[in-house]
Structure formats: C-alpha cells, structure tokens
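The following features are taken from Swiss-Prot:
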type	residues	note
TOPO_DOM	1-19	topological domain 'Cytoplasmic'
TOPO_DOM	41-75	topological domain 'Extracellular'
TOPO_DOM	97-121	topological domain 'Cytoplasmic'
TOPO_DOM	143-177	topological domain 'Extracellular'
TOPO_DOM	199-223	topological domain 'Cytoplasmic'
TRANSMEM	20-40	transmembrane segment
TRANSMEM	76-96	transmembrane segment
TRANSMEM	122-142	transmembrane segment
TRANSMEM	178-198	transmembrane segment
C-alpha cells in the first residue's frame with residue numbers, strides 16, 4: 001500500500017471528523033510515519049547481518065536471530081500503521097455510497113463537513129473502536145513477542161545447532177530502544193485521542209437525543 005494513498009485516504013475521512021480526529025492524523029503522519037521511515041532506513045537496515053554470535057557453528061546465528069526476532073520489529077510497526085488506518089475505509093465507503101446516491105437524487109448529503117448523522121455517525125464510531133482495538137492489540141503483541149519494549153544488547157541462546165549456550169549481540173540496542181519507546185508513546189497517545197473522540201461523539205449524540213425528546217414533549221399551559 002502506498003503511503004501517499006494512505007495519507008489521501010485519511011485526509012478524506014477527516015473532512016467529517018472532529019478536531020481530535022485532525023490531531024490524530026497529525027500524530028500518525030508527522031510523528032509515527034516519518035519516524036518509522038527514518039528508523040526503517042537507518043536503524044533497522046541490516047539487522048540480521050549486524051546480529052553477531054560468539055559461535056561459528058553453521059546455522060546457529062540464524063536460529064538464534066529467528067528465535068529472538070520471530071518477526072522484524074520494523075515490519076510489525078509497518079503492519080500496525082496499516083491496520084490502524086484501514087478501518088477508515090468504512091467511513092470512505094459509506095460516504096462514497098451516499099455521494100453516489102446524492103448525485104442520482106440531487107439531494108444534499110450532509111449540511112457541512114464535520115456534521116455526522118445517521119449511518120455516517122455509526123460508521124465513524126465503529127472505525128474508531130476498531131482502530132483502538134488494533135492499537136492495543138499490537139502493543140500487547142509487541143510486548144509478548146519481545147518481552148518488553150526495550151532491546152537488550154546481549155541475549156543467551158542454547159538452541160540447536162548451537163554447540164552450547166552462546167552469547168549473541170544486537171546492533172544499536174540503545175538507539176532501537178529509543179525509537180521503540182517513542183513509537184509506543186505515540187501509539188498510546190493515539191489510543192487516548194480515540195477514547196476522547198469516542199466520548200465526545202457519544203456524549204454529543206446523547207445530548208442531541210435528550211434535546212429532541214424535550215422539544216417534542218407537549219408543553220402544559222398554566223391557566
């Protein structure tokens with residue numbers, strides 16, 4: 001998936017989002033995506049080639065690397081960015097469907113950008129819930145796969161075909177840890193922003209429903 005396509009996709013969704021949604025978009029692209037691109041190019045460029053073990057046994061280095069890195073950390077972050085962005089397709093598809101119907105019936109879809117009613121409200125709400133679920137799920141997955149969010153400089157490996165317990169060294173552990181912590185913090189920030197936007201939308205809908213019921217309620221005239 002092209003990052004430019006991803007940007008255009010989310011920009012189209014945010015036409016109907018709240019101010020919190022615009023902040024979320026800025027965090028994703030200014031902090032997470034740009035930092036990811038820098039980290040992928042410079043920090044995780046040749047991670048397997050720079051992984052060293054104090055054993056020359058054929059296959060030992062590859063087995064130890066695969067054990068500690070079952071999936072590349074940088075690829076996992078890329079997958080997370082894609083997965084937290086794709087739920088916005090729900091909103092895009094909903095708007096595209098109604099815009100097509102609007103052209104056929106020559107009827108205005110929404111009063112103005114930022115106004116969400118009916119199906120659009122539900123589609124946007126579901127996309128927020130799914131995005132939040134993916135964010136939390138990937139953080140838990142990352143923590144479980146790598147036993148935390150820090151990269152050790154030394155790992156012990158006793159897997160076959162290693163002749164005994166060998167020491168393996170990871171390149172740039174401090175720099176990788178800093179980048180990972182930054183991405184974790186921005187991911188947590190996105191979760192908080194999603195919860196704020198969810199609360200705002202639900203509260204706004206609740207107040208709107210209460211006002212509508214109050215206005216429809218027949219008024220008793222005093223004599």
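Placed from the backbone N, Cα and C atoms, the Cβ positions cover glycine too.
In terms of DSSP helix, strand and coil, the topological domain 'Extracellular' (143-177) has 9 helix, 8 strand, 18 coil. Per-class residue totals from DSSP over the topological domain 'Extracellular' (41-75), listed helix then strand then coil: 15 helix, 2 strand, 18 coil. Within the same chain, residues 142, 145-146, 155, 157, 159-163, 166-172, 175-176, 179-180 sit at least 6 positions outside the topological domain 'Extracellular' (41-75) and bring their C-beta atoms closer than 8 Å to a C-beta of that stretch. Beyond the topological domain 'Extracellular' (143-177), the same-chain residues lying 6 or more positions past its ends with a Cβ under 8 Å from any Cβ of the stretch are 43-44, 47, 50-55, 57-61, 63-65, 67-68, 70-71, 73, 76, 184.
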